[in-house]
Amino acid sequence: MEKTPTQIVSELCSRLLQLSRPNKDSLVKLLREVANTLSKIDQPSATNKEKGLKLIEAELRPLKKSIIKHALLKNRDNDVSLLVTVCVSELFRILAPHLPFEDEYLRDIFTLFIAEFSELSDTVSPYFSKRAKILETVSRLKFCLLMLDEDCQDLVHEMFNMFFSLVREHHQQSLINQKSMKTQQRKANTQQTQHSLFNNILAIMSDVLEEEANSSFVVVILENLVKEGEDTTSGADKLASSLIERCADRLEPLICSFLTSCFMEKDSIQTNLKDSYHEIIFKISLIAPQMLLAVIPKLTQELLTDQVDVRIKALNLAGRIFAQPKHCLSSYVETYQDLYAEFLRRFSDKSAEVRMAALKCGKQCYFANPSGNKASGVLTAIQERLLDFDDRVRTQALIVACDIMKFNMKYVPLNLISEASERLRDKKISVRKKALQKLTEVYQDYCDKCSEGDMTITDNFEQIPCKILLLCCEKNCEEFRSQNLELVLSDDLFPRLLPVEERMRHWVQCFAIMNHIHLKSLNSILSQKRRLQNELRHCLTLWRKAKVDNIEEAQRKKKSYFVKLSACFPDASEAEDLFEKLDRMRDASIFDVLTLLLEELSSTNAQIIKEKFLKMIGVKHSLFEFLRILSTKCSPSIFSSEHVQCLLNQLCGSTSANTQLKAPSIKLLLVILNMFPSYLRGSEKQFLKLLEENDSAADELIVVLSKAAPYISVNFGDYYPVLEKVCLEGTRSQTKCAVSAISSLAGSSEKSVFSELCEMLMDSLLCGRNIPTTLQSLACVGQYSVLEYDNIYEDITSYIYRVFQAEPSDNQLPCDQSSGCCNSCKLKIYGLKTLVKSFLPRHGQVVRKIDDLLNILKKTLKSQGHDGIKSCEDTGANVRLAAAKAVLLLSRKWDLHISPEVFRLTILMAKDSNAFITKTFLTKLYKLLTEHMIPSRYACAFSFSLSSPCRDLHDDSFRYINGFINKATRESRTCRDLDQGESLTDSPVYMTVFLIHVLAHDPEFPSEDCRDEHIYARFCGPLFSVLQVLLSINNNGFTIKETAPFLFCIFRAIKRAEDAVDSRKTPRLHILADIGYSAVNILNSIVVTSPQAPRSILLPSSLYSLTSITDNQNKAKSRTRNALEQSFIERIVHIFQSQISMHDQRCQKDSLAVGSEDKVLPPLLGNQIETSITGSTEASQNNTRCSRKRTHLGEHISCNSLSLRTVESEIPIKKLERHTTCAKESVKASVSNKITSSKHSGVVSALKDISNHGEAIIGQRIKLLSPTDGCFYPGTVEKFNSKSNSHKIIFDNGDVELVCLDSESWETLSHESMGQQERLGKETESYGSRNCVPEISHTLAKVTAQKQTTTTKQQNKKVPAKLNPPAVPCFMMSAKSKKGNSDSGEGSVSEVTDTSDNIGPRRSRRQRIS
C-alpha cells in the first residue's frame, strides 16, 4: 500500500531525530525531501477539518521535534536555513489556524522568515522562486499579524525597511503584466492566478497597517515616498504610494498630523522629513488627494507669508499640484479653489523672484490642462506679466508665453501673441534679444503648421516679422542694426526647407498689415544688402586685377572697399580685419564662389552653392563663420527671382486667390524690384501682362521697368505702345515714369522714338486733349532728350505764354475743391513746371537762355495781373507758390542767373497771407535744403514764418530752422576737422547776410523819420527770431562762443558795405546791422571771446559792394544823419526781449517748456505785440575795453558760387558814446563822426623789441595795440614783476591789467603825442566804437573789472593786407596794414573785408586787477 505524504514526512523526520549530529549533506538531503513532500499535503476538508488537523499534526510532530532538537531555526547555513524556512512555512500553511510551534519559538521563526525575505533582491538566484513562495504563504496566512500579537514590533519595522529596500520597479511591472494576463485568461484558468512579489509585499504591509498603524510606520513610509537615490530601479516610492492609497483611511490622521507639525512646529520635528514635507504633499496629492483636505489651508497660508523663499517653495508645490491631470482633483475642486485663487495672486507678488516662479508653474499647469477651466486664468496672469516693471519677469513671461504658443498654437489666445510680440519693443535690450530669439522659433513652427495644412495664415502671427523689422529703428543697440536683422530674415525667420511659394504667402500677408515704418526698415535692410553686393563686385574685380598688377593704388582701393564692406557686418572692426586676412589668403576658389553667388538670381541654386562651399572649406577653417555670413549676404537669401516669378504668377493667374491681397502683392513686388531690378529677369512676359492690367499701380510698375531695363531682355516694340498710351492718356505721375522707362528701354536704334513722341504730344497739346498730362510728358521729354525738345521749344513756350496771358473766367469754379485752385491757375502751374523741368535735364546740356523763364517767374511772384500775367484773385497764391518752388528747383543749376529781386520775392513767400501756401512752401524748402539740392542762403526764409502769429507755422519753422542749423553745423565742423578749410559762408550764421538784404528791400521798411520802436520791433521780427535761434545755448550747432563773434563780423562787414542793387537802400542795411549788433549783445547773456572769430568775411557781390575811399568819406556824414540813436535801438531790442520773457513765463505756467530745445520764439510780425515801455531802457550789457586777442585770417572761400568783387576802402563809422545814468533816467547816446586818416601816426606802428626793458619804463606813458579791433589804448606803467616778467598797466579809462609786454604791440608816448593818442582812443574809426572805447564812470568801470576773468595770452599774428585770389572772384574789404599803407581796391581781383573792429563786449586775455 502506498504511503501518504504525511507518513513519508513522519518517517523522514523520525530518521532525522535518530541522528545525534547530522552533517550538512545528510541534513540538506532529508530536509529537501521533507519540503517537497510537505508541498503535496493539503488541509483537510471543511466538513471534518478539526479532526483532520489533529491527525495531521500528530503525524508531523516528528518534524517539529527534529527542528527543535537540532536547533535548525538558528542554523547559519544558507541552504539549511532556506529548507527549514520552507518546511516551517508549509507547517503553518497545513496546520492553520493552529500554530505548529509554541510561543517561545515564534520569534526565531519570525527572524528566519525575515532573513529569507532579505534575499528576495537576488532575482537571479535559483532559490528565488522558493523564497517568493514563502512570501506568498506568509501573505496569505497574514502571518505578520502574529508578529504584532507577539509584540515583535522591532521585527515588523525591520521587515518594513527590508521590503522597501528590496522592492524594484519590475516587481510592480510584473503585477501589471499579471493583471493583463488575468484579463485574457480569466475563463481558462482562474484558480491558478498567482500574486506577484510586489503584491504580496504590499499585502503583508497593508495587513500590518490595518491592524496597527502608528507614527513610526508613517515615518518609514513617507521617507521611502520621497526617497531619492542613484538606484533608478528601486520601487520603494511606488510601494509607499501603493500603501498610502490602500490604507488611506488608517494613515490619514497620522499623515495630516505630521504635515501639520511641519507647517506649524517645524523645528520640533526630529526627522529629516521636515524639509521634505512639500514633496510629501505633492506625492500624496497624486494618489490620495482627499487626505490633504486638512492640510491645504496651511499651504495657502504659506503663500501669504513674508519670507520670499517660503512663498516660492509653496508656490512651486501649488503649481505642481495644479499641473496634475484634471481628473485627479475633479472631486475636490471646491477644497482646492482657495489655493488656486491664491496661486494666481502670486503672479502679481511684490517679489520678482516669486513672480518668476509663478510663471514657471503657470506654464506647467497650462501644459497639463490646456483646455481646462483653470487654463484661461493662467493665460491671463501670464499675459499681464509681459508688462511687468521688472525686466527679468518680462523675460520669463516671454519665454513661457512662447512655449505655450508652440505647445498649443492653434488655440492660443490672440492677445497673448500680440503682447508677446510687443516685447520686441521693450525698453530693455536683454528682453528684446530674448524676444527675437523666442518669437522667431514660434514663427518657424507657425510656418510649418501652415505649410502642413494644420493652420491658416493669421494676422496675429504675421505681426511677428513686422515687429522684428521695427528693431531697425533702435539706435541704442548694435545687435538690432540692419546688419544683424538681415541674417535674421535670411536664416532664422523661416524654416530652412520651407518652399518659396509658402514664404511668399507669408510675406504677402505681412505686407497687408505693414505700415510705412515697417517698409522703411525693410528697405534699409535690403538697401544695405544691395550696397554690400555692389561693393563686393568691385572688390572682386580688384582682387583679380591685383593678381597681375598689385600696385599701391590697388591696395588703397582695397582698403576703401574693406571699410565699406565691413560696415555691413555686425562687428565692423572685426570684419575689416577678416577681409584683410582673406585678401592675404589669395584663395581663388573662394573668390569664384562669391562671384557665383553674386550672379545667381535663384535662392534655391544659391543655397546649394553656399552649402557646397561651406562644406568645402570645412568648419575648422579660420574664416568659416565670416565666410558663412558673407556668403549669406551676397546671395539672394531674403528675396530672389523665384519670389518675383511666384508673385507675378499669382497676380496674372486667372484664379487669383484673394483680391484683397492683390494690393499688398504688388507692393511687395515693387519693394523687391526697386532694390533688385535684376530679379525681373525671366519674368518679362508676366510683368508686361501685369502692366497692361493694373492702372492703379502703373506708375510704380513703370518706374520698376525703367530700373530693370539694363538687366532684362525685352522687345521694345512690345512695351512701347503701353508706355506711349500712358504718355498721352495717363496721369501726370504715370507720365513721368513712362518717359523714364522709354528712355531706359530704347536702344540706340530706337532713339528716334522721342521725335515721334514729341510730334504726337504737340498735336495733343494744340488740340487741347488731356493738357496736364501732355505738358508733363513734354517736360519729361525735355529732361531725357534735350535736342528733340529744342526743336519744339518755341512752340511750347508760345503756348504757355498764351496761357499766362489768358483772362480767367468770372464764373469758373474750382475743379479741385480740396486745393481750391481753378482750371486756369492749374494750367499756369503746369506750364511753369514744364518750362522749369526743361532747364533741368537728366541727360545732356541746355544751351537755351533762361532769362525769359526767370522774367516770367519774377512777374508771377510780384503780383497778379502784372505785365500781362492774369490770375484769379482767390487762387493766384497757388501760382505764386508754384513760381517760388520753380525758383528753388532752378537754383540747383542756375543760381548765378537768379537776380536779387527774384531771390527776395521767393524768400517772401514765407510770409504769404495764405497759411497753407506758406506751410507748403516751407516744407518744400526744408526738403530741398536737407537734401543739399539748393544753396543754403534760401534758409533765411524760415525767419519770416518763425515770427509769424500763426502757431502752427511758427512751430514748423522752428523745427525746420533748428534741423537745418544742426545739420549745417555738423557738416561745417566735419570739413574743419578734416582740414578742408574753414569758411564762414559754410556756417548757418551766414544766412543773416541775405536776411538783412531782403529786409532792407522790403517795402514795409519803416520810413526815415519813423521813431516808433514798436514798428521797428515788428518789422525786425525775422532778424530777432533767427538771432535768438542762432544764439541758443543748447543748440546742437555752434555754441555762443562761436556764433556771437561771427555775427559781429557779419554786422561789421555790412556796415562797411553798400547795397549793390540800390545804393539808396544802404542806410537801411546799416540800420539793420546796428539793430542786429545790439540784439546779439542783449540776447547773448554770456560775454565771450572766440579764438576762431574771423577778421574778414566774404559778402556776395550781387548784393553788397564798396566804393572808393573818397566816396565813402563824402557819404559818411549823410549816412550818419539817417542812423538811429543807440538808445532807440536798445528800446527796439528790449521789446523783443520782453516778448521772449513773457512767452517763457507762459510756457512755464502751461508746463510746455520741457527744455531749451523746445522753446519757441514769440510771434513778432503779427499785431499781437503788447509792450509798454515807460521811461527809457537801460543798457543790457556793460561796456569793457576791446579784447586784444589776435585772430588768424582764414582761407578765402567763395559763398555759394556767388560772383563776388573786391573794393578796398576804409569807411568812416559813427561813434556812439554811452553814458551811465541812474535807473530812472533815460539812456542818451551822442553820435559823432570822425574821419581818421590812413596815415594817422598813432593807429599803426612797427613792433618794438622790448625783451630787456624791465623796470626802466615804470612811470612812462605807453599805448597798447588791441589785435581784435586795431585800436591803441593809452595808459601808465605802474610797476614791474620780475618773476612773471609782467608790467602793471593803469589805462586811462580806469582798467588795470598785468601785461607781458614781450608778447604785445606797444609804443611809448611822447609828451607831444599824448593828447593825440588819447583822442585816438576815444575816436576810433571802427564800427561799434561805442564798445571799443567805452567812456563810463569810475563806478561802472570798477564793477566791470570785477566781472573779468583771468585768461591765457596768445601770440600776435600778422594779418596780410592782401591775399591771393580764390577760385571764384570774390568781393572783400581790407583794413589798413600795420604800416599804414592802404591800397586802392579798384584793380584788385580778391580782397578781404577786415572786421577786426570789435563791436562786442571785450574781454582781455591779460590778468585784470580789481
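Glycine residues also receive a Cβ, built from the backbone N, Cα and C atoms like all the rest.
For the repeat 'HEAT 1' (3-40), the DSSP-based tally of helix, strand and coil residues reads 29 helix, 0 strand, 9 coil. Here Swiss-Prot flags 3-40 as repeat 'HEAT 1'.
The repeat 'HEAT 3' feature in Swiss-Prot is assigned to 104-141; the stated evidence is sequence analysis. Across the repeat 'HEAT 3' (104-141), DSSP assigns 31 helix, 0 strand, 7 coil.
Counting only same-chain residues 6+ beyond the ends of the repeat 'HEAT 5' (196-234), those with a CB under 8 A from a CB of the stretch are 120, 132, 135-136, 138-139, 142-145, 148, 156-157, 159-161, 163-164, 167-172, 174-175, 178, 240-244, 246-247, 250-251, 254-255, 257-258, 271-273, 276, 279-280, 283-284. Swiss-Prot lists 196-234 with the feature repeat 'HEAT 5', giving sequence analysis as the kind of evidence.
Long-range Cβ contacts of the repeat 'HEAT 6' (290-327) within its own chain (Cβ-Cβ under 8 Å, at least 6 residues beyond either end) map to 244, 248, 251-252, 255-256, 259-260, 263-264, 278, 281-282, 284, 335-336, 338-340, 342-343, 345-346, 349, 351, 353-354, 357-358, 360-362, 364-365, 367-369, 372, 374. Among the features that Swiss-Prot reports, repeat 'HEAT 6' is placed at 290-327, with the record citing sequence analysis.
Predicted-model confidence for the repeat 'HEAT 8' (373-410) is 91, expressed as mean pLDDT. Annotated repeat 'HEAT 8' per Swiss-Prot: 373-410, in sequence order.
Per Swiss-Prot, repeat 'HEAT 9' is recorded for 411-448, and the stated evidence type is sequence analysis.
The motif 'Nuclear localization signal 1' annotation in Swiss-Prot covers 543-550.
For the repeat 'HEAT 12' (663-700), DSSP puts the residue distribution at 30 helix, 0 strand, 8 coil. The annotation repeat 'HEAT 12' is assigned in Swiss-Prot to 663-700.
Long-range Cβ contacts of the repeat 'HEAT 13' (714-751) within its own chain (Cβ-Cβ under 8 Å, at least 6 residues beyond either end) map to 684, 688, 691-692, 698-700, 702-703, 705-707, 757, 760-761, 764, 769-770, 772-774, 776-777, 780-781, 783-785, 830, 843. The feature repeat 'HEAT 13' is assigned by Swiss-Prot to 714-751.
With DSSP classes pooled into helix, strand and coil, the tally for the repeat 'HEAT 14' (752-790) is 34 helix, 0 strand, 5 coil. Per Swiss-Prot, repeat 'HEAT 14' is recorded for 752-790.
If you look up Swiss-Prot, you'll see 847-854 marked as motif 'Nuclear localization signal 2'. Counting residues 6+ beyond its ends, the motif 'Nuclear localization signal 2' (847-854) has Cβ neighbours under 8 Å at 790, 793, 797, 835-836, 838-839, 890, 894, 897-899, 902 in the same chain.
The annotation repeat 'HEAT 15' is assigned in Swiss-Prot to 848-885.
The feature repeat 'HEAT 16' is assigned by Swiss-Prot to 916-953.
Residues or ranges marked as repeat 'HEAT 18' by Swiss-Prot: 1155-1192.
The feature region 'Disordered' is assigned by Swiss-Prot to 1348-1410.
As annotated by Swiss-Prot, compositional bias 'Polar residues' applies to 1382-1398.
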Taking residues 6+ outside the repeat 'HEAT 3' (104-141), which of them lie with a CB under 8 Å of any CB in it?
68, 73-74, 81-82, 84-86, 88-90, 92-93, 96, 147, 150, 152, 155, 158-159, 162-163, 165-166, 168, 194-195, 197, 200-201, 203-204, 207
Chain residues outside the repeat 'HEAT 12' (663-700) and at least six past its termini with a C-beta under 8 angstroms from it:
504, 507-509, 511-512, 514, 519, 522-523, 526-527, 529-530, 601, 636, 639-641, 643-645, 647-652, 707-708, 710-714, 718-719, 722, 726, 730-731, 733-734, 736-737
Counting each residue once, how many in the repeat 'HEAT 5' (196-234) are helix, strand and coil under DSSP?
26 helix, 1 strand, 12 coil
Can you count helix, strand and coil residues in the repeat 'HEAT 16' (916-953) using DSSP?
29 helix, 0 strand, 9 coil
